[in-house]
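J.: Structure below; questions to follow.
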Amino acid sequence: MLPTFKRYMSSSAHQIPKHFKSLIYSTHEVEDCTKVLSVKNYTPKQDLSQSIVLKTLAFPINPSDINQLQGVYPSRPEKTYDYSTDEPAAIAGNEGVFEVVSLPSGSSKGDLKLGDRVIPLQANQGTWSNYRVFSSSSDLIKVNDLDLFSAATVSVNGCTGFQLVSDYIDWNSNGNEWIIQNAGTSSVSKIVTQVAKAKGIKTLSVIRDRDNFDEVAKVLEDKYGATKVISESQNNDKTFAKEVLSKILGENARVRLALNSVGGKSSASIARKLENNALMLTYGGMSKQPVTLPTSLHIFKGLTSKGYWVTEKNKKNPQSKIDTISDFIKMYNYGHIISPRDEIETLTWNTNTTTDEQLLELVKKGITGKGKKKMVVLEW
């Protein structure tokens, strides 16, 4: 397990600047969303002596962040004139981890202490910034026990994976009960397999066919706790389903939950493997193909298919996110969930030496880059 954060012990450990620096946008562009981003230096309008001031430690660049810049994401922040702009603007980013560097004297600070590591309770707070300001501790969740990479990604991938496993099925951990999921190499799927294993639930993860299939499958099973990994060609093969699948699942197996983030043919194939009156949750659509399910699954097998959106779920019930983070941290501390560090490429923002132009190019690289998930880590 990676070492957790160390806490500053005095308020003199950090000097709050008069000017903040944020990556902002006023317009949207679908074809090249990097064009709408700019770096803005501004004086915060809040009274910092009466506010909770946070310095940013790291923020990931998520697909939802990019979709907001494109203007196609259903949830987006309100644009304001708070950043000394000619047009209303918003700070980009929905997720990140921060350190408390200044607290007000009143009750609004709650149980926060200088040096606490926190994440925002809700999305649309604007995380691509060197500092952020909050008015109440009730808008923040402490994550002191998590390493940097887990803390910076727990709001989206962590919550999604944990809630998909925990919030919809009343599991019998002593039974032979299964989850089937596609996109088995995704960050969310890796959380799912780890959480499920800790709860005594078995997982069948489907991944794309590839030359190094056995190598990837072994990592997913040995490192991330998947019970069994199969390929999409096996997932779509009716003979495999009839002759091989039952041997994998074992006696009295119950495939009770399907998790779909691909759509298209893959979603129908995982749905076919569910028991009667089971549930399929769709939380993504990587193939950009619609979810098409056979009529027979609904009529004769009583399939329920519904969507899951972590932003809306936690907006409607903020306590569910607080509880999820608490349970996630417990599993992390027990060693049931490992850090996603190996899956992340870090981009360094040195707050003393990185110029505005370099910062903008850094984030643009994170948006357009391929391969591993990109995370901007601030050096102070």
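Glycine is treated like the rest: Cβ placed from N, Cα and C.
Copied straight from Swiss-Prot:
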ACT_SITE  Y73  active site, proton donor
BINDING   N157, 185-188, 208-210, 283-286, 308-310, K373  NADP(+) binding site
MOD_RES   S339  phosphoserine
TRANSIT   1-9  transit peptide
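Are these features on the surface or tucked inside, and what are their neighbours?
T.: In the three-state DSSP assignment, the secondary structure recorded for Y73 (active site, proton donor) is coil. Y73 (active site, proton donor) is surrounded by 18 other CB atoms, counting those within 10 A of its CB over all protein chains shown.
Using a 10 Å Cβ-Cβ cutoff, D209 (NADP(+) binding site) registers 10 neighbours.
Counting Cβ atoms from all protein chains shown, S339 (phosphoserine) has 17 others lying within 10 Å of its own Cβ.
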J.: What Cα-Cα separation, expressed in whole Å, is found between N157 (NADP(+) binding site) and S339 (phosphoserine)?
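T.: Here the two Cα atoms lie 12 Å apart.
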J.: Which three-state DSSP class does Y283 (NADP(+) binding site) fall into?
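T.: DSSP call for Y283 (NADP(+) binding site): coil, neither helix nor strand.
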J.: Distance between Y308 (NADP(+) binding site) and S339 (phosphoserine) at the Cα atoms, whole Å?
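T.: Each residue's Cα considered, Y308 (NADP(+) binding site) and S339 (phosphoserine) end up 24 Å apart.
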J.: Please classify the secondary structure at S339 (phosphoserine) using three-state DSSP.
T.: coil
J.: Distance check, please: Cα of V188 (NADP(+) binding site) against Cα of Y73 (active site, proton donor), rounded to an integer number of angstrom.
T.: 19
J.: Taking the binding-site residues one at a time (N157, S186), which has its Cβ surrounded by the most other Cβ atoms within 10 Å?
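T.: In terms of Cβ crowding, the pick is N157.
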